[in-house]
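**Student:** Sharing the features that Swiss-Prot gives for it:
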type     : residues : note
ACT_SITE : S144     : active site, nucleophile
ACT_SITE : H197     : active site
TRANSMEM : 27-47    : transmembrane segment
TRANSMEM : 77-97    : transmembrane segment
TRANSMEM : 109-129  : transmembrane segment
TRANSMEM : 132-152  : transmembrane segment
TRANSMEM : 175-195  : transmembrane segment
TRANSMEM : 198-218  : transmembrane segment
Amino acid sequence: MAAQTLPASGAAVTFNTQRTRAYLLKLPLFTRATVLIIVLTWVLTLVGKSWNWDVKTWGALIPDEIGIATLYRINTFPFIHLNIFHTILNIVAFTPLLERFEHEHGTLTSVALFFGPFATIPGLIYVFVERFILHANTPVMGASMWVFLLLGMEAIRTYKTNPYFTISTYNIPTWITPLLLVVVTAALLPSSSFLGHLAGLLVGYGFGLGYLKFLAPPEWALRFIEGKLNLLGRLPHYVSVDQKTFGRFGVLPSSASSAEAGIPFSGVSGGQRLGP
């Protein structure tokens, strides 16, 4: 009996499944942990209803609710999402960007930044503008603020090696691409937070240009902690300071092809607000 060959479509599905599985198995530690926290937080939003605990109201970034006792919201709102659709879209958008960042800068640096200035600075910018300029109180949640922050950093790095792209006879600066995506996202998803995305993007530009890199922990301190705790030996998928693939925040630009890698994912971020 003649051997049967797998149809081309079936082979493509198998190949894509294998590539996806291989990619997921190579995700670094902090990226895995962040995705897991997002998923578990979504589960909590469902389970919490039976406990009379509204996770969204508890952890969303609500400008008028920010005070000394509720500063935790600055760190919780990126992990909380409006619904399963919102959760999946932000995971798909955020994972490749975060994975790239962690491989470039290390796990410990990623933890320090995403639980530090990458959350607090755009969050406080949003709260300040909402409360004192717009006199509004629109709650926001979701990881899309981080998506645009990382896209801003990628855009600046791309600009250093490829300053323009051409449409017809016009030269468009490459750094403007995420800004256009913020506008497009706001137009296609009216419930998304234009201000939240813009705050994240501005912080990403600041880090990409090097103005905010002083907020990153010094490498000598990271090496001291890694050595004392033997993090590389104890934690699987950990990326040490000496394993990172690039320099610190734009000091060593990547190639044009790699710098463009994060951009295609931006259109699916869809950060959303609580309520209408």
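Placed from the backbone N, Cα and C atoms, the Cβ positions cover glycine too.
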**Student:** So are the transmembrane segment (27-47) and the transmembrane segment (109-129) touching or not, going by 3+ C-beta pairs under 8 A with a sequence gap of 6 or more?
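**Tutor:** Contact between the transmembrane segment (27-47) and the transmembrane segment (109-129): present.
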**Student:** Quick check for me: are there 3+ Cβ pairs below 8 Å between the transmembrane segment (77-97) and the transmembrane segment (132-152), leaving out pairs under 6 residues apart?
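**Tutor:** As far as Cβ distances go (cut-off 8 Å, pairs 6 or more apart), the transmembrane segment (77-97) and the transmembrane segment (132-152) touch.
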**Student:** Could you round the CA separation between the residue listed as 'active site, nucleophile' and the residue listed as 'active site' to a whole angstrom and send it over?
**Tutor:** 7
**Student:** Could you tally the C-beta atoms, other than its own, that fall within 10 angstroms of the C-beta of S144 (active site, nucleophile)?
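**Tutor:** Step by step: centre on the Cβ of S144 (active site, nucleophile), count other Cβ atoms within 10 Å, giving 30.
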